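Asks: Dropping a structure here in structure tokens format, bear with me for questions.
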Amino acid sequence: MKLSHLDEKNHPKMVDVSDKNITLRIATASGIIYMSQEAFDVIKNNTAKKGPVLQTAIVAAIMGVKKTSEIIPMCHPLMLSKVETNIVEFVKECAFKLIVTVKCEGKTGVEMEALSGVSIGLLTIYDMIKAIDKSMRITDIVLESKEGGKSGKFVRS
């Protein structure tokens with residue numbers, strides 16, 4: 001399989017999307033951070049010394065989405081239409097799941113933006129709580145779904 005971001009000499013290049021049609025692009029990604037009961041309670045009770053952890057993680061996730069083309073070398077800068085975040089608590093597991101959905105009308109997909117948003121949001125939670133629990137585990141960062149473009153629709157089963 002020939003990779004589109006390599007030229008005929010196997011040198012990296014940014015894919016030329018100028019001939020692609022502008023279509024609605026939507027992608028959703030998610031990831032989970034597991035932690036100790038103490039760390040979970042500090043977040044839930046909003047008593048972290050660094051401030052409101054989940055609210056800060058949401059803002060960080062949005063910033064991560066917007067900065068994707070600056071930190072992932074072959075990503076195109078995109079005019080985003082919407083970034084939506086959701087955090088689900090798993091009380092029994094002392095975990096939070098961050099879900100990020102990104103939307104735009106463009107010539108290339110927003111999968112990397114959604115994945116970057118999840119990654120940055122979860123890393124922000126880690127950063128804000130690491131004084132309490134350095135053993136936190138970030139896991140299962142995945143693309144949940146995407147639609148638009150030539151490859152069509154994908155939904156994780």
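Using N, Cα and C of the backbone, Cβ positions are placed for all residues, glycine too.
According to Swiss-Prot, the protein has these features:
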type	residues	note
BINDING	Met74, Cys75, His76, Met112, Glu113	substrate binding site
ACT_SITE	Asp127	active site
Asks: For a quick check of understanding: given the listed substrate-binding residues Met74, Cys75, His76, Met112, Glu113, what is the maximum Cα-Cα distance in angstrom, as an integer?
Replies: 12
Asks: DSSP secondary structure for Glu113 (substrate binding site), reduced to helix/strand/coil, please.
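Replies: In the DSSP reduction, Glu113 (substrate binding site) maps to helix.
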Asks: Using a 10 Å radius around its CB, how many other CB atoms surround His76 (substrate binding site)?
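Replies: The answer is 15 other Cβ atoms.
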Asks: Give me the Cα-Cα distance between Asp127 (active site) and Met112 (substrate binding site), rounded to a whole Å.
Replies: 22
Asks: Have a look at the binding-site residues (Met74, Cys75, Met112) and report the one with the fewest Cβ neighbours inside 10 Å.
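Replies: If we count Cβ atoms within 10 Å for the binding-site residues Met74, Cys75, Met112, the smallest count is at Met74.
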Asks: If I restrict to non-local contacts, at least six residues apart, and a C-beta distance under 8 angstroms, what lies near Glu113 (substrate binding site) in its own chain?
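Replies: In sequence order, the residues whose Cβ lies under 8 Å from that of Glu113 (substrate binding site) (at least 6 apart) are Ala27, Val65, Lys66, Thr68, Cys75, Leu78, Leu80, Val83, Val102.
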Asks: Excluding Met74, Cys75, His76, Met112, Glu113, please set out which residues of the same chain place their CB within 8 Å of the center of the CB atoms of the substrate site, keeping sequence order.
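Replies: Everything else in range on the chain: Thr68, Ser69, Ile72, Leu78, Thr108.
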